[in-house]
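Structure first, then comments.
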Amino acid sequence: MAAAGSGRPQFLSSNRSFSNSPLIDNSDPNQIIVPEKKSWKNFFAYLGPGFLVSIAYIDPGNFETDLQSGARYKYELLWIILVASCAALVIQSLAANLGVVTGKHLAEHCRAEYSKVPNFMLWVVAEIAVVACDIPEVIGTAFALNMLFSIPVWIGVLLTGLSTLMLLALQQYGVRKLEFLIAFLVFTIAICFFIEIHYSKPDPGEVLHGLFVPQLKGNGATGLAISLLGAMVMPHNLFLHSALVLSRKIPRSATGIKEACRFYLIESGLALMVAFLINVSVISVSGAVCNAPDLSPEDRANCEDLDLNKASFLLRNVVGKWSSKLFAIALLASGQSSTITGTYAGQYVMQGFLDLRLEPWLRNLLTRCLAIIPSLIVAIIGGSAGAGKLIIIASMILSFELPFALVPLLKFTSCKTKMASHVNPIAISALTWVIGAFIMGINIYYLVSGFIKLLIHSHMKLVAVVFSGIFGFSGIAIYLASSIAYLVFRKNKEPTHLLASRNSQTEETLPREDIVDMQLPGKVSTSEVD
């Protein structure tokens, strides 16, 4: 192994401490190097990760919630999307800052911070979150293939895994090509829904009123609003964003780090703005179509319980056949891009928590199988309706998972990224904890209310319902007390950042040198040794 001061890339043997694992391969031509000179043109070097992250806000699960919101309450819940998007920008900027300032992503911080048992439990929870995110994406893509080519849903589920493997093959051409592909898919979704908006003709005044005037009217509006908020911040996205920013080699100075944090904030804002406009478009189209005066009884019945599959038939009947095809193209682009970013998130989670890396095709195969198997079984037995319900179950699982990613992120950023802020760090920390607590509270409420609805609408006998409720709520209480309380009140280790590592070149604080291999998990550096 090379000496610490030799300047050569260093790689871990299996028994070497995690804190010394190398992070950046300076010789790799695919790494995006940011110029030392401070300039607004440097922004283009940072452009990309935000669009990969924004996919989680416009995945098929979000589409389904948006469609239901517009169908039931027209434009009244648009303000929820605005609030959720602002909160998402704050949370995602925290994830980006964590990676930029410390040189490690969230999963790596968890491994360095927690002992073996909590770390293993967090890894299991994170892997479940990746699979739960993958289920709506698989089903959404299968629905899109059915709409476009009349392929049965269960066959579409099988084809989804194969198509994602083909798209992941593009990673051999470098990170920039993948970022351009994802950005292209995002704008494809946007164009499709902007065209839908043009022909469905929602009232601009009512849309603006729904955006800026908070209101919760009607039976079930609160529950749907909570579903909209809960669907916006995904746990795997926090791991993903903190890792993607490490694909840039930034100047390791206070000025360089602050510039990187600022440009990543702007870049994330632009990407999330596009995602916000897409979500607004989906709700507006659904609201305009389901509240049309000449709606047939059949279409009105579809609006009462609108999902991804019914939306296609609804648009075809009300707006035209081409409208259904546009929706299917947008859904296909959403599903495929989401599965790609989900696979990358899974790779970072496994590498960070376990220091274990798999070939991307193997990692994708494992993740895809875990998502495809339940989707395939439900699609064969329950058809499209059963597959649609599986999306709702996956959303409930994600609500359960979010605090396990969000609490560590808030704690790490509170003590490790103060230098990235131009304003009072105490105020920023307090604000982020308030937003984080609000999001976690929303998700916990969504989880509890969903469990209550499940009990109420189940066909079990009263005794079985009572015992299920006792065990279920006992589990939720244990979950809150032993898991979230432990993460919140546990004292963190001494904070560190990369500026400190420049001033004390000890083995424990050496800058790490393998992030390019993390960014492109399929690549194996020629410098890597056993």
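Glycine too: its Cβ is placed from the backbone N, Cα and C atoms.
TrEMBL annotations: computationally assigned, not manually curated.
Per TrEMBL, the features are:
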{"type": "TRANSMEM", "residues": "40-58", "note": "transmembrane segment"}
{"type": "TRANSMEM", "residues": "78-100", "note": "transmembrane segment"}
{"type": "TRANSMEM", "residues": "120-145", "note": "transmembrane segment"}
{"type": "TRANSMEM", "residues": "151-168", "note": "transmembrane segment"}
{"type": "TRANSMEM", "residues": "180-200", "note": "transmembrane segment"}
{"type": "TRANSMEM", "residues": "220-240", "note": "transmembrane segment"}
{"type": "TRANSMEM", "residues": "261-289", "note": "transmembrane segment"}
{"type": "TRANSMEM", "residues": "326-345", "note": "transmembrane segment"}
{"type": "TRANSMEM", "residues": "365-384", "note": "transmembrane segment"}
{"type": "TRANSMEM", "residues": "390-410", "note": "transmembrane segment"}
{"type": "TRANSMEM", "residues": "431-456", "note": "transmembrane segment"}
{"type": "TRANSMEM", "residues": "462-489", "note": "transmembrane segment"}
Stretch-level contact, the transmembrane segment (431-456) and the transmembrane segment (78-100), CB cutoff 8 A, at least 3 pairs: yes
Of the listed stretches (120-145, 180-200, 326-345), which one yields the highest count of Cβ-Cβ distances below 8 Å with the transmembrane segment (390-410)? 120-145
Counting Cβ pairs under 8 Å that are 6 or more apart in sequence, does the total for the transmembrane segment (180-200) and the transmembrane segment (78-100) reach three or more? no
Of the stretches 40-58, 120-145, 220-240, 261-289, which racks up the most C-beta pairs under 8 Å with the transmembrane segment (326-345)? 120-145
Go through 40-58, 220-240, 261-289 and flag the stretch with the largest number of C-beta pairs under 8 Å relative to the transmembrane segment (78-100). 261-289
Other than its close neighbours in sequence, what residues sit by the transmembrane segment (120-145), given a CB gap under 8 Å and a spacing of at least six beyond its ends? 56, 59-61, 63-64, 107, 110, 114, 151, 153-157, 159-161, 163, 234-236, 239, 308-309, 312, 328-329, 331-332, 334-336, 338-339, 342, 345-346, 349-350, 353-354, 367-368, 370-372, 374-375, 379, 384, 387-388, 390-391, 394-395, 397-398, 401-402, 404-405, 408, 483
